[in-house]
Amino acid sequence: MRAQLWLLQLLLLRGAARALSPATPAGHNEGQDSAWTAKRTRQGWSRRPRESPAQVLKPGKTQLSQDLGGGSLAIDTLPDNRTRVVEDNHNYYVSRVYGPGEKQSQDLWVDLAVANRSHVKIHRILSSSHRQASRVVLSFDFPFYGHPLRQITIATGGFIFMGDMLHRMLTATQYVAPLMANFNPGYSDNSTVAYFDNGTVFVVQWDHVYLQDREDRGSFTFQAALHRDGRIVFGYKEIPMAVLDISSAQHPVKAGLSDAFMILNSSPEVPASQRRTIFEYHRVELDSSKITTTSAVEFTPLPTCLQHQSCDTCVSSNLTFNCSWCHVLQRCSSGFDRYRQEWLTYGCAQEAEGKTCEDFQDDSHYSASPDSSFSPFNGDSTTSSSLFIDSLTTEDDTKLNPYAEGDGLPDHSSPKSKGPPVHLGTIVGIVLAVLLVAAIILAGIYISGHPNSNAALFFIERRPHHWPAMKFHNHPNHSTYTEVEPSGHEKEGFVEAEQC
């Protein structure tokens, strides 16, 4: 009886399995079955529609944050519990996310404890302060979005500011942020902000840092590595809490890359002054849920227009950018990079229209090279070693405008700046005034050196009585000595004073 019941259950289970399996088409064989399996595997790498934040991910799957293309990537878990490398293209960089079980996560971590001590420096000011940033000079040129940088700014808030112009809104754009948050290294003596530079890689490590007012959640240890070839690596050693649970009320919380360009415009309030406007032209945002203990992210740079050094290679490039050659600047660009101010000032957008490289070679109008001293970032810059950061307010007139295609960008087509004409009479007047001042100075020097000359006696005899008498006396140990006589009082002697 038991054997019959067991056989009946087995038949029922087999029938249910057949009912749940997909229908097998006519002519199906084992070869087609393997091909169907391979097709399903390939489909696992295709783009899928964006999932809303309210959706719950299915077990065995993970999700990468959206890129600028507006989609997401979903990956499956392999049978050996290893995770496929999550790869995404962000136009300027290809990002790869390695989970805690990946060997690459350990290989990409730079252990400063075993590194050459002469190359490791602990920044004492940043390690004992909150909301501070300090400028550091690299030993090599680091290409960031195609721009070679030699100076960066390390901030206590878990990010590196990559801009040239320091301002109070460093958290807004132009950053390399492994984990930007309200960290306070000054809370604990064990918290340090250190950096390492061996000529091929520059590493910044935030070691055992605590969140402001959330110290009970534990310490964070992570690093950002800038490689000489342009690669950027984020390594996470200790992440005691979910990044999504970190409050952004007092400080932005984000991870990724960002760059922007600066435009100088005349201020509508004060026509004589200029307003600096920052336009963010690209950003890479990482999914905060992927930032866990012993995880890593690697950004590999993609070719940009700026790398082309000739007109032929520029116009024949197969990049996703619309590269154009500006002969007057001798530069290849899409028009949207840190040199956009020059691109607009010299009319490069109009120059490239309808012209070929042969036209540039024969055109003598563009034979003169531009002034090499011109920089789109001319202006007052902060040179102090530390800078207070306040992402909520700003002391200057710098604004942040997220760039949208064709919105809000001024188009300066004229390469020349207009100003009031300088008349010849003004120049002559200035020259005469300079000559008059020079003559007075020379006369004074002569009189001081020859007090008994006719000229000196002439001025002394005709000076008003209420003027103080100025007498000059040479002393071997001091440069100049003066004697000042108050009006109405005559006295002998002099007062010595060393000229500073």
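From the backbone N, Cα and C atoms, a Cβ is placed for every residue, glycine too.
Annotated features, as they stand in Swiss-Prot:
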type	residues	note
COMPBIAS	366-379	compositional bias 'Polar residues'
CARBOHYD	Asn81	N-linked glycosylation site
CARBOHYD	Asn116	N-linked glycosylation site
CARBOHYD	Asn190	N-linked glycosylation site
CARBOHYD	Asn198	N-linked glycosylation site
CARBOHYD	Asn318	N-linked glycosylation site
CARBOHYD	Asn322	N-linked glycosylation site
REGION	22-72	region 'Disordered'
REGION	360-379	region 'Disordered'
REGION	399-420	region 'Disordered'
REGION	481-500	region 'Disordered'
TOPO_DOM	448-500	topological domain 'Cytoplasmic'
TRANSMEM	427-447	transmembrane segment
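Of the recorded residues, Asn198 (N-linked glycosylation site) and Asn116 (N-linked glycosylation site) place their C-alpha atoms 8 Å from one another.
Counting only same-chain residues six or more apart in sequence, the Cβ atoms lying under 8 angstroms from the Cβ of Asn322 (N-linked glycosylation site) belong to Ser334. For the pair formed by Asn116 (N-linked glycosylation site) and Asn190 (N-linked glycosylation site), distance between Cα atoms is given as 21 Å, rounded to the nearest Å. In the structure as shown, the Cβ atom of Asn198 (N-linked glycosylation site) sits within 10 Å of 16 other Cβ atoms. Over the topological domain 'Cytoplasmic' (448-500) the predicted model carries a mean pLDDT of 49.
Cβ-based crowding with a 10 Å cutoff singles out Asn190 as the top-ranked of the glycosylation sites Asn116, Asn190, Asn318. Asn318 (N-linked glycosylation site) sits 51 Å from Asn190 (N-linked glycosylation site), counting Cα to Cα.
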